[in-house]
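Here is the structure we will look at.
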Amino acid sequence: MTATTIDGRAVSQKIKEQVKTRVERLKEQGVIPGLAVVLVGEDSASHTYVKNKKKTCEALGMRSDLHQFPDTLTEAELLSTIEELNNDSNIHGILVQLPLPAQIDEFKVILAIDPAKDVDGFHPISVGNMMIGKEAFLPCTPHGIMKLLEHYDINPAGKHTVVIGRSNIVGKPVGQLMLQKDATVTYCHSKTADLASFTRQADILVSAIGRAKLIDQSFIKPGAVVIDVGMNRDENGKLCGDVDFADVSETASFLTPVPGGVGPMTIAMLMENTVQSAENGLQKDKSAETM
Ligand SMILES: Nc1nc2c(c(=O)[nH]1)N[C@@H](CN(C=O)c1ccc(C(=O)N[C@@H](CCC(=O)O)C(=O)O)cc1)CN2
């Protein structure tokens, strides 16, 4: 068997086209969706992601404001920037690029973001609403994974999903979203003993462990769907996932590549959340007018 490659670039392109149409409709009503991106420090990968976010916003006709600071920024200074953005009616989404330098408490920063502008879906209110299946901004990477499955008609209902990783950004929420689609979910992590004994039971395997090419055929049930969220460098410095693509391709049914799988979906879902936030704001204004 050779796995079908899940094409995240193509699916993300479709989503971005839909977002562009929604942006045009908003503009006809006098609203330009605006995303504020806050970047602290010199991490080169973060700089690349932020540049891509800005470029994508502009391509879709959205406003994008970059607030860039040196890694000496204090927590108080960052919190004050967030306060200003919370009060700026031209800004519909606020994103603080992670990771942050050690002197800044990530949780305090996330907590300071107005949940109505939390397009990353990291605020505890967003997380809580997601957990109980209420309307919320969903975190972009897990939401992107669910969209990929939907696009390829892969229904998680009744399937055993094994998630490797328990981060707040990917591992925990993707398991919750799978559960909402009636999957049976197992979480594995760095302390799991005999990882392969769990992953070999997976109909859908999501790997977000951050170990280059750790997952080979010996971890895979034949016919499984394999979603690779890893972003690692191989021995030659080349970007690669957690999954040994060539090896696993021989036994999986569907497989995401790195690059070109889950990554592009992260930015597409951020754009969708931002346009959704702008639509929510317009709806609120209209309701207030009719009161
Ligand atoms: N505030 C946030 N910080 C971080 C998030 C996030 O969702 N919100 N996620 C990651 C980084 N990230 C977006 O911020 C991100 C990572 C990877 C990609 C991507 O498109 N990857 C490409 C490859 C890119 C390359 O060549 O280097 C791919 O997989 O095809 C987009 C966004 C951590 N921080």
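Cβ coordinates come from backbone N, Cα and C, glycine included.
What TrEMBL lists as domain 'Tetrahydrofolate dehydrogenase/cyclohydrolase catalytic' is 6-120. Taken from TrEMBL, the feature domain 'Tetrahydrofolate dehydrogenase/cyclohydrolase NAD(P)-binding' applies to 139-280. Among the features that TrEMBL reports, NADP(+) binding site is placed at Gly165, Arg166, Ser167.
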| Neighbourhood of Gly165 (NADP(+) binding site), C-beta criterion under 8 angstroms, separation at least six | Gly171, Cys188, His189, Val206, Ser207, Ala208, Ile209, Gly210, Val229
| request: By DSSP assignment, list the helix, strand and coil residue numbers for the domain 'Tetrahydrofolate dehydrogenase/cyclohydrolase catalytic' (6-120), in that order. | output: 59 helix, 18 strand, 38 coil
| 8 Å Cβ shell about Gly165, Arg166, Ser167 centroid, NADP(+) site members excluded | Val163, Ile164, Asn168, Ile169, Val170, Gly171, Lys172, Tyr187, His189, Ala208, Ile209
